[in-house]
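Q: Would you mind keeping the following structure in view while I ask a few things?
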Amino acid sequence: MRKLSASTALGVGCIAFALILAFIWIPLDTETWLVERKRGRYIAGDSLAPTLAAGFILIAGVMLLFERQTLDLHPTRYNLAFIGAISIFGIVGILLMRWTGPIAASLFGADEYRLLRDTAPWKYIGFVIGGGTMVFCIVSFVEQRVTWRALWIALVAVVVIIALYDLPFDDVLLPPNGDV
Amino acid sequence: MTDLGTLDYIWLGILAVFQGPEAFSLLGVSVSITVMMVAFGLVLGIVVGATPGLGGVIAMAISLPILISIFGFNSDALLPVMGFLIGVMKGSTVGGAVPAILFNTPGTPDAYMTTLDGYPMAQAGKARKALKVSHFSSVTGDTFSDIVLIVCAPFLAILVESYLDLPEKTALLILSLSFIAAVVSGSAAKGLLSCGLGLLAVYIGTGEDFYPRLSFGSDALSDGIPITAAVIGVLVIGAIFGELENLWSQTRRTGEIEIAQDEGDQRLHWSDIRRIFPYIGRSAIIGTTIGALPGVGSTLAATIGYATGKRIHTKKKRPEDPEFGQGAPEGIAATEAANSSVSGANLIPVLSLGIPGNTAAVFLILAAESIGGFNPGPAVFKFSSDLNPELVIAFGLFTTMILANLLNWTVGGLFMRSLGALVRIPKQYLLPVVLLLTLASLYVQETSMSAIWFAFGFGILGYFMMRFGISPLPFVIGFVLGGRIEDTARQAFSATGGDPWFLLKSPIAATFILCAIAVIFLSLRKPKADNT
Amino acid sequence: MKKLLKFAAVTATALSTSTAAIAADWTPPGPIKMVIAFAAGGGADTQARLIAEELEALHGWKIIPEQVTGKGGLNAVNALKDGATDGTVIGMIVTETLGYNMAAAKAGKPTDVTAITTTAGTQMAIVALASKGWKTFGDVIEAAKAGEDIRFGVMTGMLGDLAYIAGKENGVDFNIISVKGGKAVMNGLNAGDMDVGFGAGIQAKAVAAGDMVELASARSEPLKNSPDAPMLSEFGVDYVNETAFLFAGPPNMDPAAREAIAAAIAKVVNTEGGKANAFITKGFGGPVVISGDALDAALQQDFDSSGALIAAAAD
């Protein structure tokens with residue numbers, strides 16, 4: 001028996017996912033079946049198209065088991081470490097972007113953040129802190145050292161983006177001010 | 001009301017570009033906003049193409065939302081915005097050769113073949129000449145391809161509209177998707193998987209029923225996944241993650257990059273042009289033919305163009321001329337003409353059928369969908385006697401392409417040759433900033449934090465797909481076309497009174513479906529080299 | 001339900017004058033989020049954005065439009081539901097969302113939102129290409145009886161039911177094709193994928209140019225562009241489509257905010273020469289402004305009576 005190759009594993013994974021999709025997720029989480037009767041006729045139901053997608057994934061999975069692969073590409077532990085770290089920086093950055101403004105407003109503001117979201121300096125707090133943190137962390141991580149230069153670049157980048165988007169356009173809103 | 005003929009529409013399209021709202025006037029000649037935007041797009045495209053780590057796709061992803069907020073949601077916005085995107089598309093193709101020739105670092109995969117002869121020429125002190133050859137070949141190929149597009153797209157569209165009914169249209173969409181899945185990467189299985197995932201993603205939260213399907217009843221999924229978030233996430237953010245990882249893993253290169261000094265005659269002589277022209281011509285035809293098929297990338301065109309050129313060059317060359325791979329201008333010409341001539345022809349399926357064949361076309365569709373008032377597809381080419389505004393836009397788009405080519409011919413080359421310094425921008429600073437810029441730009445269009453979460457999540461998905469060797473293009477095209485396939489199939493099913501065999505009843509539809517199966521089956525049987 | 005909106009309009013005018021004084025003092029405490037339930041670039045979206053633009057110019061309010069499309073406006077209703085009640089969250093939907101769609105989806109009731117004001121009705125008609133040779137809907141029925149398969153394009157569930165009943169009452173069976181948005185029906189007709197379809201006003205230009213004909217009015221009144229076209233009631237259909245565009249806010253909205261916004265929108269859509277007014281007049285047959293209790297009553301009745309249509313089309 002040959003060693004389990006990455007494409008075989010991927011193939012098996014796809015088949016399993018496609019079957020779960022077609023027989024569990026779609027039937028339980030969709031209102032109508034493949035076809036339904038409406039106004040005296042059969043019409044396509046909401047399950048039909050997702051089931052077709054599941055079919056694509058299923059066929060892909062079966063083909064992966066038989067296809068000859070020249071390169072057996074798969075993520076390594078090293079790749080996982082990288083993307084894990086990047087995900088953390090991204091998530092922290094986006095969370096800060098969303099919440100620092102409202103938190104600052106509830107501590108120091110006269111109004112709730114929702115009403116201040118188009119007023120400087122409140123409207124910049126989230127983007128500066130969240131965006132700055134994201135850029136700074138990623139630069140530092142990629143360089144594998146923490147430098148003042150990275151911090152300056154993060155801050156300059158944030159300020160330039162604000163200058164580019166917020167100052168010239170009255171209608172443009174930076175995150176998170178459009179939907180708080 | 002006077003009846004409008006074909007020529008009237010062409011003329012109206014040209015007028016729409018040049019006589020639109022005025023941006024400024026230069027020496028008494030008024031320059032319309034569309035003309036200005038095409039020029040801006042071209043300049044930006046050349047810059048990002050010449051910057052390693054950036055590219056036309058990132059530039060389009062960042063500029064689209066901001067352009068939409070500048071120009072608004074009405075059909076007057078279409079030509080300036082799409083003209084800008086076309087400028088970026090054309091500029092980045094030209095600009096991509098700069099780092100390839102000067103520093104042996106291809107900015108994009110299709111520029112790899114350019115390094116083979118471009119860098120040796122630069123080392124031999126012929127950098128400027130190499131850039132001139134590259135620019136000339138690229139723009140010639142591009143222009144040829146655009147002419148083919150302008151001539152073919154309307155006819156193909158009229159053909160489709162007059163012969164294809166709903167079931168045939170459904171079958172054609174399925175055929176295109178299978179074709180893209182089968183050819184876009186080395187593995188048909190992975191292409192199909194990518195496509196299936198794209199379809200699944202677009203079907204979440206959508207559908208006809210009042211309950212948003214596959215949403216687990218959650219609010220975040222019930223409005224569906226915003227198309228820009230999915231496209232930008234998988235294509236752009238995934239690619240940024242990949243580049244960042246390369247930087248992370250390599251010990252950073254310090255030290256200055258060596259640039260050889262230019263020596264001797266750098267001019268592109270008439271005799272040079274005569275010598276390289278056959279190579280340009282052949283490659284332009286190869287690139288255009290390949291480009292007209294959806295999903296087949298410019299990398300394949302460059303490879304075939306280069307290989308064909310090499311075979312002929314070996315037979316025909318004078319003994320004192322350099323071989324391909326040792327600094328032959330013909331090599332640059334064969335490559336650049338082939339990959340540039342893909343871009344125009346690649347718009348044939350998008351304009352005549354509404355099927356995007358490459359990433360640039362995906363962004364044109366995104367622009368059209370976000371702004372509204374223009375639905376790329378066969379319905380555009382309806383030469384009605386009362387005004388069909390979409391047709392005017394279509395001819396306006398053709399005009400912007402020709403305009404972009406003219407600008408490219410005249411000032412593009414000069415500008416391109418001045419950009420050697422861009423390669424020194426440190427990527428480890430550039431890429432995180434571009435990531436934030438992309439997210440901010442996405443937010444500007446979607447004004448919802450969930451779009452940012454989605455884009456980031458799809459970026460991680462795109463990264464994993466890349467690590468498994470799965471091309472993101474079928475995902476994106478599946479996502480873009482998924483809604484249309486479902487709608488068309490539903491309509492075809494209803495239109496035939498609920499006939500379950502509607503896809504096989506008409507000979508044309510049945511042929512399309514058989515072809516779709518055959519494409520997948522054949523690509524499985526015949527393993528091919530990983531060349532795209 | 002017939003003439004309901006018209007009746008309501010008269011009462012509304014009487015009511016609105018008395019509250020104008022309170023409304024004048026109100027200003028929004030912050031930027032206003034405007035949820036738009038229609039796809040970007042369409043006629044309804046343009047209408048909403050023009051109104052927002054003029055409100056900003058007229059009152060100095062800051063309005064932030066946000067697209068929440070899908071599910072016949074119910075997604076937009078969900079987006080409004082939990083919004084702030086101080087007038088900083090409003091949205092544009094159609095009355096059909098709170099009537100037929102809520103009833104059919106068994107999801108909620110009209111009071112899940114605070115109705116603010118309507119802006120315009122529609123010119124809902126059955127449309128076909130002139131080249132088909134049909135003059136009225138009767139010709140379509142004749143053709144169907146002669147054995148021709150008729151494909152009927154519709155863009156909402158309610159219109160689908162109307163098309164079905166129009167066939168059933170006349171002993172024919174249409175192939176009803178539902179598509180997303182009025183533009184898609186027009187494209188389907190032009191491409192020959194459909195034979196007839198509903199148009200809410202988007203057909204005006206093609207009708208004026210003679211490329212399309214309006215075969216019947218689906219409203220309770222004759223059409224502005226084709227006053228001679230028969231009513232659907234002449235073909236045994238007891239239901240009409242009186243959809244109107246509607247601004248609404250979250251439930252339990254502050255009454256002062258509601259009235260002030262209603263008055264402001266009414267002024268914008270009624271001001272002749274304004275962009276919004278011109279657009280509404282061209283595409284949707286002119287402004288229809290109903291607000292206050294009259295609007296609430298009309299919406300509730302619309303919702304209650306939808307059950308009959310749904311039941312009639314269920315079998």
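Note that the numbers count up from 1, one per residue, in the order the chain is shown.
For all residues, glycine too, the Cβ spot is worked out from N, Cα and C.
Found this in TrEMBL, in case it helps:
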DOMAIN    B:36-477  domain 'DUF112'
TRANSMEM  B:24-48  transmembrane segment
TRANSMEM  B:54-74  transmembrane segment
TRANSMEM  B:81-103  transmembrane segment
TRANSMEM  B:147-164  transmembrane segment
TRANSMEM  B:171-204  transmembrane segment
TRANSMEM  B:224-244  transmembrane segment
TRANSMEM  B:391-416  transmembrane segment
TRANSMEM  B:428-445  transmembrane segment
TRANSMEM  B:451-481  transmembrane segment
TRANSMEM  B:502-524  transmembrane segment
Q: Are the transmembrane segment (B:147-164) and the transmembrane segment (B:391-416) close enough that 3 or more Cβ pairs fall under 8 Å, when only pairs 6 or more apart in sequence count?
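A: By the criterion, they touch.
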Q: Under a criterion of three or more Cβ pairs within a distance under 8 Å and sequence separation of at least 6, are the transmembrane segment (B:171-204) and the transmembrane segment (B:54-74) in contact?
A: no
Q: For the transmembrane segment (B:428-445), I need the partner stretch with the highest count of C-beta pairs below 8 angstroms, choosing only from B:147-164, B:224-244, B:451-481, B:502-524.
A: B:224-244
Q: Mind checking which residues reach the transmembrane segment (B:502-524)? Cβ under 8 Å, same chain, six or more beyond either end.
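A: Sequence-remote neighbours of the transmembrane segment (B:502-524) are 163-165, 167-168, 170-172, 174-175, 177-179, 181-183, 188-189, 192, 492-493, 496.
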Q: Could you tell me whether the transmembrane segment (B:224-244) and the transmembrane segment (B:54-74) have 3+ CB pairs under 8 A, leaving out pairs under 6 positions apart?
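A: Yes, the transmembrane segment (B:54-74) contacts the transmembrane segment (B:224-244).
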Q: Let me spell it out: take the transmembrane segment (B:451-481), skip the flanking residues so only those 6+ beyond its ends count, and list any with a Cβ under 8 Å from a Cβ in it.
A: 173, 176-177, 180-181, 184-187, 190-199, 201-202, 220, 225-242, 245, 294-295, 297, 355-359, 362, 365-366, 438-439, 442-443, 445, 532
Q: Looking at the domain 'DUF112' (B:36-477) alone, can you tell me the average pLDDT?
A: 85
Q: So what's near the transmembrane segment (B:224-244) in sequence-distant terms, Cβ-Cβ under 8 Å and 6+ beyond its ends?
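A: For the transmembrane segment (B:224-244), the list is 53, 57-58, 61, 64-65, 198, 201-202, 204-206, 212, 359, 362-363, 366, 369-370, 427-428, 431-432, 434-435, 438, 442, 445-446, 448, 451-452, 454-463, 465-466, 472, 475-476, 479-480.
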